[in-house]
Amino acid sequence: MVSFVVSPMKLVSLGVMLIGTILSVSSEELVGVWLGLELNLYGFLVIMNPDGHYSPEPCVKYFVVQSTGSILMLVGFVSLMEQHVVSGLVMSTAGTVLKSGVFPLHSWVPSIIKNSSWLASGLMLTWQKSGPLVFLSMILPSKSLWVVIVSMAGIGAVGGLNQNSVRVMSAYSSFVHTSWMLLGLAWSSVVFVGYFAVYSLSVGLFFYGCSLMNKMSMGSQLSSAASGMGLLMLMGMPPFLGFLAKVLVFLMSGSPVIVACIMGSVISLKFYIDFFYSMVMKSLVDKNKVEVKAIWSLVICMNIMGGALILVSFI
């Protein structure tokens, strides 16, 4: 039996983090965007190391990176208010690119993810990206956005090859998925929300299973099934929801940039499959095969039903 102990500090920090992102996404004023991102940062720093059990190094690195991005954004916003449009846009864009961890200021993501906890890594690859990505799509010109999308797809696909760390592999995988999310966001916010939700669910299941993979219990076997399902969703294999999310972006997109996203996903299948066979399949071979098969059957049925519901909602 796995027990979860949630302290009041964690709950407050989680609330501050969620409110900050919602404020930054929904605000119509530049000051509101900046304030929301700052609230999100301070709430997330507590979640990264709430009990002091983990190394402070990733927390310090993340704080320095995000603080630098915040300063650049604030200087850019002040310049825009003073009618210095060009310099304001340049500074705002640089700060947002740094905070979101996209090309060309993306190199800090794998190093911080590698040494962070599973919870912090999962949030960093999902929820922490939502606010900066939405704002980036608003201020970045179309041609520059296409360059970022193509670069992220290529870097994520090639960088993830021959990686031994699951967290680092997931960081490079997030680059490929970020290219899909940016492309979807450029054409439809509804498609972006759908893709982001599926991607967040996939990462959550995958990281949850990996965090419990070394425990020799039935719970560990069930978590192995969950991580395998999350991995298949990240791969975009039919009939899982990850495949449907990519199809929706493909159908909505009218740009040839989609080819780069597809190529990045195809190349990234290599390290997905390597991990699937080396870790997940081995942990599923045990005496509880009946229970594990039942979990897999339930998971596949849930994905098929979820995909059908999404398709019906778009008809």
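Positions of Cβ are set from backbone N, Cα and C atoms, glycine also.
Annotated in TrEMBL:
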DOMAIN    27-256  domain 'NADH:quinone oxidoreductase/Mrp antiporter transmembrane'
TRANSMEM  62-81  transmembrane segment
TRANSMEM  133-160  transmembrane segment
TRANSMEM  180-210  transmembrane segment
TRANSMEM  222-241  transmembrane segment
TRANSMEM  247-273  transmembrane segment
TRANSMEM  294-314  transmembrane segment
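Between the transmembrane segment (222-241) and the stretches 62-81, 180-210, 247-273, Cβ pairs under 8 Å are most numerous for 180-210. Within the chain, the transmembrane segment (62-81) has long-range Cβ neighbours (under 8 A, six or more residues past its boundaries) at 30-31, 34, 37-38, 41, 44-45, 48, 87-96, 98-99, 108, 112, 124.
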